[in-house]
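Listed in TrEMBL for this protein:
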BINDING   Arg27, Glu28, Asp32, Arg142, Ala143, Gly144, His145, Thr146  D-ribulose 5-phosphate binding site
BINDING   Glu28, His145  Mg(2+) 2 binding site
BINDING   Glu28  Mg(2+) 1 binding site
SITE      His128  site 'Essential for catalytic activity'
SITE      Glu166  site 'Essential for catalytic activity'
DOMAIN    214-368  domain 'GTP cyclohydrolase II'
Amino acid sequence: MQLNSIEAIIEDIRLGKPVIIMDDEKRENEGDLIVAAEKITPQIVNFMVKEGRGLLCLTLSGEHCDHLGLPPMVVEDKNKSCFGTPFTISIEAASGVTSGISAQDRARTIRVAVDSRSKSTDIVQPGHIFPLRAKSGGVLTRAGHTEAGCDLTRLAGLKPAAAIIEIMNDDGTMSRRPELETFAKKHGLKIGTIADLVSYRIANERTVERQSCQAMDTMFGQFDMTVYNNTVSGDKHLAITKGSFTLETSVLVRLHIVDVFRDLLYAKCKEREQDWSLYQAMKAIAEEGVGVIILLDQEEKPNVCTEVERFFQTQRYQNSDDSSCAYHSIGIGSQILKDLGVGKMRLLNYPAHFSALSGFNLEIVDYIYPK
């Protein structure tokens, strides 16, 4: 079955029709029903719950979550779910509902939550609707269904908020692409991918821009240092490159988040034997003669003393380069790699799932472990 264009999907979102959006086959490999929150009706809620069978959630921008006073269910540095799913505390409309679980009640809660006139007092916690806080920059920052919901509604000229629900099979297993295509045909729904949404947005906008570039002599020889600015968050990211390459060159690439123990203290940890330190990555690229390291900024900057004191208390290293953190940053790193002209990558990383890379025209041809 041929997938629908993002333009066609955006038009159905604008009309208030549900659409199916699939994420990367190497991530959740799932499909969600997505509908504009401001277009929600009890009938649509009933359809989503009855036919989708997953958890009905509401994607919201960070600004709107703050406006409604919605705290995270778990603070970000404690969020250990596979993909750092950004749940806030569940909600209910403060009035006009009964038990809160009926299609009528859930539709009202969603409509109240996204009404620009609503205040924090218009909703109560907990409830039967589960808001999700989208990352600034949308799928170009984090290529998940949460961000896709907000991006699609924004691109449709609506409030950046969507009701979403996972699609499951009759036997309770998750629907994959063949089942999702059958589902789309049965219900006459448009179907597309987050990767295509990433491609669409890249063709029309971007959230990083190159600011400055200069050569620097290091203990591993000369590298080019290029500073990039995240136009959404204001964060700065550094591309450390050596040599020249084309889109067909299989380039050594490391997407790196600074870790106190690994990069500053050179701590030995059996659990981290597969992790690359910045030192190891620069040394490997210097020996190869060609390569790229993307040094990603963090929302919460690591503090050496704080991290060491935490280790004293727990006897465990905090790994800032975990899958959740890396997943949040993959969109930014991919934009930078695309700007640098990278196409094929030999990734300095243990095998991991990096979502929607196809949307950036990036291909991982190999994973390389540290020696």
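In case you wondered, yes, glycine gets a Cβ from its N, Cα and C as well.
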**OP:** Sorry to bug you, but what's the C-alpha spacing from Ala143 (D-ribulose 5-phosphate binding site) to Glu166 (site 'Essential for catalytic activity'), rounded to the closest Å?
**Re:** 16
**OP:** Whole-number Å only: compute the distance from the Cα of His128 (site 'Essential for catalytic activity') to the Cα of Thr146 (D-ribulose 5-phosphate binding site).
**Re:** 18
**OP:** Look up His145 (D-ribulose 5-phosphate binding site) in the DSSP assignment and reduce it to helix, strand or coil.
**Re:** helix
Original post:
Including all protein chains shown, what's the count of other C-beta atoms within 10 A of the C-beta of Ala143 (D-ribulose 5-phosphate binding site)?
Top reply: 30
**OP:** Can you tell which of His128, Arg142, His145 has the least company, meaning the fewest other C-beta atoms within 10 angstroms of its C-beta, among these recorded positions?
**Re:** His128
